[in-house]
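A.B. asks: Residues or ranges marked as active site, proton donor/acceptor in TrEMBL: 293, 711. The feature domain 'Peptidase M14' is assigned by TrEMBL to 28-323, 451-741, 872-1156. Under the heading region 'Disordered', TrEMBL lists 137-173, 1304-1324. Look at TrEMBL and you will find 1-19 tagged as signal peptide. The annotation transmembrane segment is assigned in TrEMBL to 1244-1269.
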């Protein structure tokens, strides 16, 4: 019985989940007292996700129990649609009563274990009423299939499903006689349910509205609702997931010939039911409801209950999930930002409206298609959004902001009134014709004050508008200028704090040259204009609702403060405080830029890389023209340098210039440059003059963003009295340019398997050699001129998809891609991967890893796990105390290992964090975090100490952190070189003091696995780490260092090729991409690394090659990939900067805990199921890993298809293919015992070999005795000579030594191999 309830869980797991006394027997009906006790018990056991209440009482005083199941069940949470199931409305139809109890138990017991249930409970407000007619049930008789024994009606003998208000007959029942119905009506009106199911019995079918018609023929009259197609779909969802219902042939004994096509029927066509509950829900309750008949027998024997639960379980879940289709969103007041309730949501062509709830939220279920949707409220101007595309997945988010209607006579705002809008017709909205004074034409409000704003004045202006228009503004800073002034950005959008899926990001930047001030003032004017006209001006409202607009009035506030009003064409204040021209300071695509990157430049680069901007303009002064990329080219000469998107740039540039009549004439500054002419007021940058290191080219080359530079006037710092005319000349152009973000194509790239968005997918257009990538949730925007294009979406691990799309003028064409995952060739038996039966815990972990890998999952985890931190540098003694403090405060998940001691006898600690520290769990991946190998770079040490505290503090509080710790063995070594750390000096960015250990040895040149390469013994710190690396079987290692901003991957030694380089580079890239600055690739000016670090990742030897590194040793001898992350340009920065370093690295460190669960993992066993330890797993015919205790292995791989071979002595070699993607692919490799050798029986060959070996040994002994004396000197000389000349080659060959490559690849190996190598080869 419990196995059915718990699905794929074992009986033991289910028993633990429910409690022994609560395991369902499925062979008993619960009477009222037993039902009450059962529900109360569940409510006590799961208080965090359920709440039991009564909505009223029956005629005989029994409670009408409702179990609410959702996250935070004691309060309403905006954004969660409400769903309900009602059972046992007819007291003698009893299957529903029990099935709904089972459903409650199913949801509660599997929450947190089964991802589908967890998501459903977290995202839905579920209400389940097992019995609406408890009095009738008590009068019914088990085994009565036809209802002859009574109990159908309530205690007053009234049929509850004929007692609701009817659309044709009104209300007929006496309220005193139907307390159950009156309680449900109040409940429906209060809750505003979205979707509902009413469970009955007597046949097997799903019936949908309407249940009756005006003339009430007994049957055969199809009574169609406005949402008929949607109702048919919802009924089919239930029927098609029910093995019996979907046949359409119930074969009920009392009506054996009755059939229902596809298992569904229109209610009235089946038989007329006036006063039914499902019609009331639809017509008066905002809710779509269908009626499910579950069994031919109304009150079957209890022995049938198990079967009925099995038949209905999937249908019940699938139907609930449909509450999330269609369109959803919020409606709010444009002026106050407050929620508007009871607003009608009108879908053109569907003659049925619904209204918003108390939070202004609405959920309009719709089938896939394109709709025009309007929000209408009394006292407000209605708002329509055309061409809303609804897909078959989760609901589209569509928010409305309604402006109060302004009365010209009184000048006041009409308060919204609550009124019932007839569902059969559109609400009446007053027009000018009906009442010319009520809705006069409204002209946009223009800015009131024109003056120059210094930094303090500008800051107050921004804060003022941010506080006055909180519903549409968000003020933030992207960084600081050299003198510490904030680089403010004002966001204006209907949801200003977040990136909305499908909504493009736009930006304006001004005052990059501090003395070019017109753009600064125009953007302040624009902020005022957008805020004051939002909700009243249709154009402004549309732009703000559909665009996230970022406005940076001043990128160079320091320069502005020294510039002078009246400066026509000077240079004072042009550059920043360090006298650097910021528009020559960006990395250039054609020439290296050796100028030190300025803080303003770095801040903007980081900002642009963190938000998926689509279109931008950089506002300058000194001429009157729109300048578009490229600004230079590879030969550095002044001539036309077109970008691949030259046509798009010309289109958006003209969109601005055409709205500025003076600019469009093309003759700027005639008194100063009389011969200068720009056709249509636009120009290619390099054709005008070349600019190296410009911002607009960097935007286009390095991000998804198209940027132009707009010169606004001939005078750089005009008098304040001239500012109004600049606004008048540019206000239309500023708005028209924002509109250009909505041209071309847009859409979502999603996984065809589950509909989840795919981030960083590539969108390419045939014939245009410039790609864009998808944002975190898979949405993209690609600007294009009108025409027909072949557009392709590609992503790692997915098959590319190409779609032809025609772009029309003035709007963006929606082009969505659903990509299928790459899969192995199922026709090749050698490539088939056996499926591993996953436990619920494994499934939940896989779901978590995918959630944290896609979209904003990791970012949300970072935001939800803030901890109080106090950063300072800790010396060895304090570090030890801190680690011991963690073990004392968190003893269940920590264990402190002493790896050894330094030269000066300081302990080298490794902190283990796991749910079972010190217990062997070979199936779990192990990750190693190491810092402090160079004592003069202690930032990594402090980051790892904070990381350890962060993990411990959030264990048991944050579900994601808890599961990661439960499923991973984490080892943190905060300081490898404590002696060097003691000698290092704070605030020394380049000093080498403390970089070596006490003996003056750079420890990262001391890791040699080949003893013949050593001139001296290994340092004690090195020995401790080498033993640690060799004995722990790590899956991944991350080492933190300093002095640069880059992630490096093996090798440090100069090798020609790197096996598995794609995976190693991918792992380093994951860290860099989750760091806000590192992935920009601008490096550090103090170490020669500046512009040549693509994506912030490089092979270590390209940075600085050397032998004996910890990274190389980990690869060659520990069989574990290690990346080294250089966390900052300064080796030993001031302690005040540690907080920033933590903020920058926190997400990246967490990403490594996610990555360690990817790749391929599994076990190797023989046919009898015996694990094979020491089997060699060969990845892509290169890298080797070994199976550990239990036959387990785990190898990290870049996304995509990979070949796997398994080799073990005495077994036939096995070969498989596997796909690596969001989470680790689990496989099992089984070996066949190879029972023959060279065609002879194994026993014969073994006996013969033994005899041969005996004879060979005797012969060898005789020869050795005769020749030993003569050969000693010669052999020793050859041995020494070879070591001298081939020492370098031996080190290069370490990779093969450590992994038995020579044995597998038949490589030559002479007798000079070291003892350590031989011992290690024998060991593995």
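Yeah, the Cβs are placed from backbone N, Cα and C, and that goes for glycine too.
TrEMBL: automatically predicted annotations, no manual curation.
Structural setting of the listed features?
C.D. replies: Counting every protein chain shown, the number of other Cβ atoms lying within 10 Å of the Cβ of residue 293 (active site, proton donor/acceptor) is 26.
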A.B. asks: Please indicate, using numbers and ranges, the residues of the same chain that are 6 or more beyond the region 'Disordered' (137-173) and have a C-beta under 8 Å from a C-beta there.
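C.D. replies: Contacts of the region 'Disordered' (137-173) (Cβ under 8 Å, skipping residues fewer than 6 from its ends): 29, 31-32, 58-60, 88-94, 97, 131, 180-181, 185, 198, 200, 202, 210, 212-214, 216, 253-254, 273-277, 279-280, 283-284, 296-302.
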A.B. asks: Between residue 293 (active site, proton donor/acceptor) and residue 711 (active site, proton donor/acceptor), what is the CA-CA distance rounded to a whole number of Å?
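C.D. replies: So the Cα of residue 711 (active site, proton donor/acceptor) lies 71 Å away from that of residue 293 (active site, proton donor/acceptor).
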A.B. asks: By DSSP, how many residues in the region 'Disordered' (137-173) are helix, how many strand, and how many coil?
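C.D. replies: Split into helix, strand and coil, the region 'Disordered' (137-173) gives 6 helix, 2 strand, 29 coil.
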A.B. asks: Around the Cβ of residue 711 (active site, proton donor/acceptor), how many other Cβ atoms lie within 10 Å? Please give the count over every shown protein chain.
C.D. replies: 26
